[in-house]
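TrEMBL annotations:
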type	residues	note
ACT_SITE	LYS17	active site
DOMAIN	79-161	domain 'GHMP kinase N-terminal'
BINDING	PRO107, VAL108, ALA109, GLY110, GLY111, MET112, ALA113, GLY114, GLY115, SER116, ALA117	ATP binding site
ACT_SITE	ASP153	active site
DOMAIN	222-295	domain 'GHMP kinase C-terminal'
Amino acid sequence: MRRVSQVNAVTVRVPAKVNLQLGVGPIRDDGYHDLVNVFHAVSLCDEVTAEPAERLEVRVQAAPHSRVAIDGVPTGTDNLAARAARLVAARLGVEPAVRLRIRKAIPVAGGMAGGSADAAAALVACARLWDDREQPVLARDDLMDLGADLGSDVPFAVLGGTAVGVGRGERLTPALTRGTFHWVFATADGGLSTPAVYGECDRLRLDAGEEAAWPAVSEGLMTALATGDAKGLGAALSNDLQPAALSLRPALRRTIDAGRDLGAIGAVVSGSGPTCAFLAETAEDAAGLADALHGAGVAEQIVRAQGPVSGATVL
Ligand code: ATP
């Protein structure tokens, strides 16, 4: 085994994502769907600290001032961050002797890829811990490749910004954006399982006798991003999983409608839900919308964030 470095502890901040467009194509032979996925990283972040330890350990807590329910997060070896640490260790030929301390602000099973974010953070943190020479063996692209083995949202959490993903969502091309977009997120009590939401999407399509179309990137969306046109972006938000999320969690319809009624310029379920994402034109509008949504009592928690932001970053 290679001698590992003397770095003591590395903390990485990693963003949640919202899908600006989630186009779900026909189901493939391998059981996955072909997707067109426009990912957007927002300033709602988890932090993962990696420090040398006797053996691989994971500790999970809610971030300070966050009310994230962490009960559903495994602390054992099936935590995605632990799996990421093992992958990096195997690649570098070192023991995965690391304690990972995860501070969560991203809702669990909320459709914002929190588990994938923690995996991305662990990839970057462990690489820094064990590979701190001038020319690291693992470049960011290598970490994104390793991440793709853990889940299709992991490479984007390493990359950040705004990017178009095709295939299962893991082949990424950065998108041109201008300025900052202002978001309000409404979280729900209790998560939705991503496979269950895809299953419901298939069932609804079958019942309706609908053949899924091959998804294509929305040109209106790309133009709105490139020109910093918040209203255009709001109008172009789309999510093919939304009917399935609403079918499994009918109360979300009230949340989406409330956001629209209260002045959001765009409203969409984030990924597989149940978090709902609302777009506002300015930071002040976002603050007003957040207060109004809070008053309407349609969500467990209301969180403001901006995007795009960088991917997993060493602090
Ligand atoms: P996506 O948007 O990618 O579909 P999600 O945001 O809906 O994901 P996650 O928060 O990523 O959902 O968690 C999904 C499940 O993954 C959790 O219910 C939990 O059992 C498991 N999991 C494993 N590791 C983690 C982690 N570090 N943080 C959160 N959940 C994790």
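Note that the numbers count up from 1, one per residue, in the order the chain is shown.
Using N, Cα and C of the backbone, Cβ positions are placed for all residues, glycine too.
In TrEMBL, annotation is done automatically, which means it is predicted and not curated.
Surrounding the centroid of the Cβ atoms of PRO107, VAL108, ALA109, GLY110, GLY111, MET112, ALA113, GLY114, GLY115, SER116, ALA117, where the record places ATP, the chain contributes additional residues within 8 Å, namely ALA16, ILE106, GLY191. A Cα-Cα distance of 11 Å separates GLY111 (ATP binding site) from ASP153 (active site). Cβ neighbour count for ALA113 (ATP binding site): 29 (other Cβ atoms within 10 Å of its Cβ, all protein chains included). The local packing around PRO107 (ATP binding site), expressed as other Cβ atoms within 10 Å of its Cβ over all shown chains, amounts to 26. Only ALA113, ALA117, ASP153, of the recorded positions PRO107, ALA113, GLY115, ALA117, ASP153, have a C-alpha within 10 angstroms of the C-alpha of LYS17 (active site). Checked against ligand 1, the recorded positions LYS17, PRO107, ALA117 give no residue with a Cβ less than 6 Å away from one of its atoms. In three-state terms derived from DSSP, ALA109 (ATP binding site) belongs to neither a helical nor a strand segment and is classed as coil. The helix, strand and coil residue counts that DSSP assigns across the domain 'GHMP kinase N-terminal' (79-161) are 45 helix, 8 strand, 30 coil.
Rounded to the nearest whole angstrom, the C-alpha distance between ASP153 (active site) and ALA113 (ATP binding site) is 7.
Ranking the binding-site residues GLY111, GLY115 by other CB atoms within 10 A of the CB puts GLY115 at the bottom.
For the binding-site residues shown (ALA109, ALA117), fewest C-beta neighbours within 10 angstroms: ALA109. Residues in the domain 'GHMP kinase C-terminal' (222-295) partition by DSSP class (helix H, G, I; strand E, B; coil) as 44 helix, 11 strand, 19 coil.
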